[in-house]
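S.K.: My structure is below; once you've seen it, I'll send some questions.
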There are 10 protein chains.
Amino acid sequence: MITDRSQVTALIQSAKITKGIKWSEIAEVVGQSKEWSTAACLGQMAMTKEQAEGVGALLGLTDEAVAWLQIAPYKGSLPTEVPTDPLIYRWYELVNVYGTTLKELIHEEFGDGIMSAIDFSMDLQREEDPKGDRVHVVMSGKFLPYKMY
Amino acid sequence: MITDRSQVTALIQSAKITKGIKWSEIAEVVGQSKEWSTAACLGQMAMTKEQAEGVGALLGLTDEAVAWLQIAPYKGSLPTEVPTDPLIYRWYELVNVYGTTLKELIHEEFGDGIMSAIDFSMDLQREEDPKGDRVHVVMSGKFLPYKMY
Amino acid sequence: MITDRSQVTALIQSAKITKGIKWSEIAEVVGQSKEWSTAACLGQMAMTKEQAEGVGALLGLTDEAVAWLQIAPYKGSLPTEVPTDPLIYRWYELVNVYGTTLKELIHEEFGDGIMSAIDFSMDLQREEDPKGDRVHVVMSGKFLPYKMY
Amino acid sequence: MITDRSQVTALIQSAKITKGIKWSEIAEVVGQSKEWSTAACLGQMAMTKEQAEGVGALLGLTDEAVAWLQIAPYKGSLPTEVPTDPLIYRWYELVNVYGTTLKELIHEEFGDGIMSAIDFSMDLQREEDPKGDRVHVVMSGKFLPYKMY
Amino acid sequence: MITDRSQVTALIQSAKITKGIKWSEIAEVVGQSKEWSTAACLGQMAMTKEQAEGVGALLGLTDEAVAWLQIAPYKGSLPTEVPTDPLIYRWYELVNVYGTTLKELIHEEFGDGIMSAIDFSMDLQREEDPKGDRVHVVMSGKFLPYKMY
Amino acid sequence: MITDRSQVTALIQSAKITKGIKWSEIAEVVGQSKEWSTAACLGQMAMTKEQAEGVGALLGLTDEAVAWLQIAPYKGSLPTEVPTDPLIYRWYELVNVYGTTLKELIHEEFGDGIMSAIDFSMDLQREEDPKGDRVHVVMSGKFLPYKMY
Amino acid sequence: MITDRSQVTALIQSAKITKGIKWSEIAEVVGQSKEWSTAACLGQMAMTKEQAEGVGALLGLTDEAVAWLQIAPYKGSLPTEVPTDPLIYRWYELVNVYGTTLKELIHEEFGDGIMSAIDFSMDLQREEDPKGDRVHVVMSGKFLPYKMY
Amino acid sequence: MITDRSQVTALIQSAKITKGIKWSEIAEVVGQSKEWSTAACLGQMAMTKEQAEGVGALLGLTDEAVAWLQIAPYKGSLPTEVPTDPLIYRWYELVNVYGTTLKELIHEEFGDGIMSAIDFSMDLQREEDPKGDRVHVVMSGKFLPYKMY
Amino acid sequence: MITDRSQVTALIQSAKITKGIKWSEIAEVVGQSKEWSTAACLGQMAMTKEQAEGVGALLGLTDEAVAWLQIAPYKGSLPTEVPTDPLIYRWYELVNVYGTTLKELIHEEFGDGIMSAIDFSMDLQREEDPKGDRVHVVMSGKFLPYKMY
Amino acid sequence: MITDRSQVTALIQSAKITKGIKWSEIAEVVGQSKEWSTAACLGQMAMTKEQAEGVGALLGLTDEAVAWLQIAPYKGSLPTEVPTDPLIYRWYELVNVYGTTLKELIHEEFGDGIMSAIDFSMDLQREEDPKGDRVHVVMSGKFLPYKMY
């Protein structure tokens, strides 16, 4: 019996590694970007019935696991407030080093408000570079102004 | 007497607000992007002598403050591990929600390693959109593979 | 010299107590609800030039303080992650006890997404009750669905 | 053998997802609001014998689980002090941003004391809006003045 | 200028030590128990105008300090989540060791709910004992049942 | 095999709920107050052989569990530094709000030292009150003066 | 004006370093062991009037500082839960590594209870050793059995 | 299969309680002091082959457990930074209250450096006393001066 | 079924201890340094197919475990932010004591930037010394200057 | 008046930056390595009278500051448990990623014990490399075996 979404994430990770399937192949089945599809598999997004059944078929999940994939999960993918994994830590470091900079520049351009993390999309690509290839990430989030009332 | 770089940051913030100067105007004096220049003013980057003197002249800083701007600062711009400010929190949330996704996709494309937060640049623009303008951010960081030895 | 918005909050608190002014009187000068106006005075919202000058005149603030009131502040009004003040703690307790309930019911009604804390308004009133008056709070936040991409 | 109330919560979540039952259906069986009933199922309230047996029959729980539902549980539904789930975090953010505002306004209206989180009720509804539907929440808590002695 | 209630607490502590005044003498001026009066002086309760003026006269406080004493303070008298002072720690230890016991026994007697910390009084006395005098504390808090709705 | 005292606590909780036994009934078997007996069952006190065997017989525990009941346990009954359960939190709040008051009054009466949490007893009773019954708790702890040497 | 005992500790440290006085010299004036006297100077014990005046005369403290020395201080001499200073950390490490050992051996010898940290004394001496001198510490604390009631 | 040293500690605790063996009896088999032997059994020291086999025979451990006893363990015997168990907490309190005193007195006697927690021994004895027996602990650690280079 | 890389680490530790294999023997099979090979076995590096199969054959791991060894793991080998193990703590202490020194000296020699922990190698050797052998560690990390843009 | 060693560190930093002096120049005056000398200036080591007077003369410190430099300081140079500065964080990351590796390899070579952080030296050099210069660090710490007793 599955009692927690993180168990489904573990099942997906295990099946993916044993079967040697790539995230981009899963994304094709899901029919969305590799970024959204991976996040959904890792317990951060809720799938539609069709998406969940597609992933279930590809990875050999039970009906119960497929049902859990359609539920909005308790989000947050990191085990500690400050991530210990070096790849993920670099992103935390960017928020720490550039956080006040992002705040100042967005406020200068848009006024008081935030950049949405919900009405948001992300695209990650390899950027070829003779001095060493780069990770090129584009993020786009709707600006939401604070409401006065 | 200045005994801590954060005092210089406070002086800059205070002068900028009182004089009504914009970060983009400061960036022109610095001669670098608005992202790097703002981060440098907020105590996250070290300026060259010319850059520091330019900022000092624009904002009316003392020679002592200008000397501090040229020293590599103790970085980290947030007062708590989890930021409380909603704008900056959304970025922390993105790292929390998408952290394992970024990890999986970068490893799938590049193998084990990290995206550098040092050999890194960022560009933030307004993206016009009839459903509400968006914050459009491009990040580019060199991929650094783990060395085997 | 003011180097931090929290200094302006302290000035406002001090002037308000010494002069015996009420938040509802300040709200009239601001021209917005008592909820938004109080939050703005306590360093959580940015005022327009007119609002800031009105508050400055009422409380006898300097031009420098009035300039700071127009800047989007670093938000977060609590000194610790878990508030120690009993009145504020009860709200934290409600989030702790009812957090998963709110999540389940909003997802059941709207699907995956969040209730905005930015496009948000709040109204607090006394609700007379023979068994003891009650605090009656209405909150309204726009539902933002997670974008698929 | 059940040794912890959180196991009952997991059983309920699992049965609800597998059977495709809604919280509002459970609330009908419980005979209370959907807010109270959901909180009770998620381990935050104690049910009466009748309520517990009704829920047990609907979801197919064992007698042991039904017995646990009638015990006042160790409350607190969040795994971390600061919630990582974006929907729940927005509520924590409201407490953080508006906490001192709520404190000031309640004290101004009622004097020193608190709004009860025990003699408390909550109602959550969809508020239709052409610019995007809203989550409309009404909270009502008895004001409790500090006793002088 | 006073910008924080903790400054008033420090002024009271300093005046009390320099003048050699006892808490019981202050309580007489306040006209309430020594427990409530001490808590009020230490920034945990709001005084009436008469009480504040009495304390102000006794200790030689300024009008500004007397005004602050009448404001409901941001409560919480300990600098850390777990107190380091051995006397106060013993109380934290009692909550830690006996917390679940108090919970079980109150629920067994009263059902689900809490013992109020607001509608609450406390009396502390010396209990003479040939084997060594004891601290005898009586606490009385109203039981508040969870409301079903 | 039992490898941790908390497993015995879980066994006791489970048996007590399934059999519908009250703490006061257990206390009769133990032959001590309901406060001490409950704390002992919840893993905070060590029982004598007779007490442990009595509890074991009443609740149907194995010999191994009965042996563990006689061992001084690793004490501390709360899962987090700040308790999340509202009933227990109110006690933590009392320590937080009244901690410095208790310290001042005990020192004023007894000098430097502590109130023992070991040579300590507690009695919890229902106090009938027309405005709502109250929880009445008497605590008595030996005063221990700091030794000079 | 002194508003906090830690200010007195700072005054003592500063005077001691500037005047080149040793703790053992201070202890002679206090008339107690060097361990108790140092702890008292560092804000962990309350002095008698005579002791405080003696220290005040030796170090040139004001009457106000001498008054503070006679007040039971808010104890706890470390700035963080886990000390960063290597000398003090080794003691924390001993508690961490040997904590359960001390617990087991004291319980085996005495039964359930504690070793008092209040009715306690300590003596620290140099122990000459050809392989390198050693720090020799003797601690003696009264055993306090848990009271059954 | 044993995958963690803490499992061996649990096996030892369980066997010791079930068989009613004392730490001093185990120490005799180990051939070292009761302090070192207990710490080794509780996962803080590595045993020799002979010591491990002796303990294994006495307590009926498997060969696998005996192999684990000979591996240097990941040390640290407490589940939280600040111990909750009252007996162990008193030791943490001593470090907190006397930490700066120990630092000052060791530096006064020996100069800058530390008392080793590795080249260290401890002896715990009952000290009979008509006013109540005492726990008498002698600690001896080599002084290690900071190296200049 | 393996659902987490830490399970593979536990399998490796268990097999290594039971079979009595050394890290240097594993390193020979891996064909890299003992430092890199040990880190890879402990879940901090990703192996090639050949390396993973070699380790699998030596230690008798399943195909599933061998598949997991080739996946970039979620890194971070310590259970707490501040390590409790004395050997590892000394390294944390070095970072704490010498951290600002390393920062100053690297900036003085190289300017603003970091020493890479990815393009990094380490060599640990026994350094014989008549006063007691020493641990001799050489670390080499590429200097990465902050990019201006 | 100086009441804390960190004030001396701030004075040194300020004088060094204003006068444009290098750490290597300070080290020459101290007569020790640049690593030890920098650590001593940053409040991590105690200087001899001659060293302190030399630094005082070079940087223009007062006699009081020179006296403080000769006192063993409360060590620990980082403001948070996990450092936020990227250069220092990389060292923390090395401890986190390689901590268990260092432990395994030192134990394999030396048995149970630690590498001393007191009888320790460090040398940091630029290592020229056509692919980008490297930071080359040699650390040497005496191995201290755990004493059996």
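Glycine too: its Cβ is placed from the backbone N, Cα and C atoms.
Pulled from TrEMBL, these are the listed features:
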DOMAIN    C:77-149  domain 'Cyanate lyase C-terminal'
ACT_SITE  C:ARG90  active site
ACT_SITE  C:GLU93  active site
ACT_SITE  C:SER116  active site
S.K.: Is there any among the active-site residues C:ARG90, C:GLU93, C:SER116 whose Cβ is under 8 Å from chain A, and which ones, in sequence order?
M.R.: C:SER116
S.K.: Among the active-site residues listed here, C:ARG90, C:GLU93, C:SER116, whose Cβ has the fewest other Cβ atoms inside 10 Å?
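M.R.: If we count Cβ atoms within 10 Å for the active-site residues C:ARG90, C:GLU93, C:SER116, the smallest count is at C:SER116.
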S.K.: Can you tell me the CA-to-CA distance separating C:ARG90 (active site) and C:SER116 (active site), as a whole number of Å?
M.R.: 21
S.K.: When the pLDDT values for the domain 'Cyanate lyase C-terminal' (C:77-149) are averaged, what is the result?
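M.R.: For the domain 'Cyanate lyase C-terminal' (C:77-149), the model's average pLDDT rounds to 97.
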S.K.: Tell me the Cα distance separating C:SER116 (active site) from C:GLU93 (active site), rounded to the nearest angstrom.
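M.R.: Taking the Cα atoms only, C:GLU93 (active site) lies 20 Å from C:SER116 (active site).
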S.K.: Just name the active-site residues among C:ARG90, C:GLU93, C:SER116 whose Cβ comes within less than 8 Å of a chain E Cβ; none is a fine answer.
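M.R.: Qualifying residues, whose Cβ lies under 8 Å from chain E: none.
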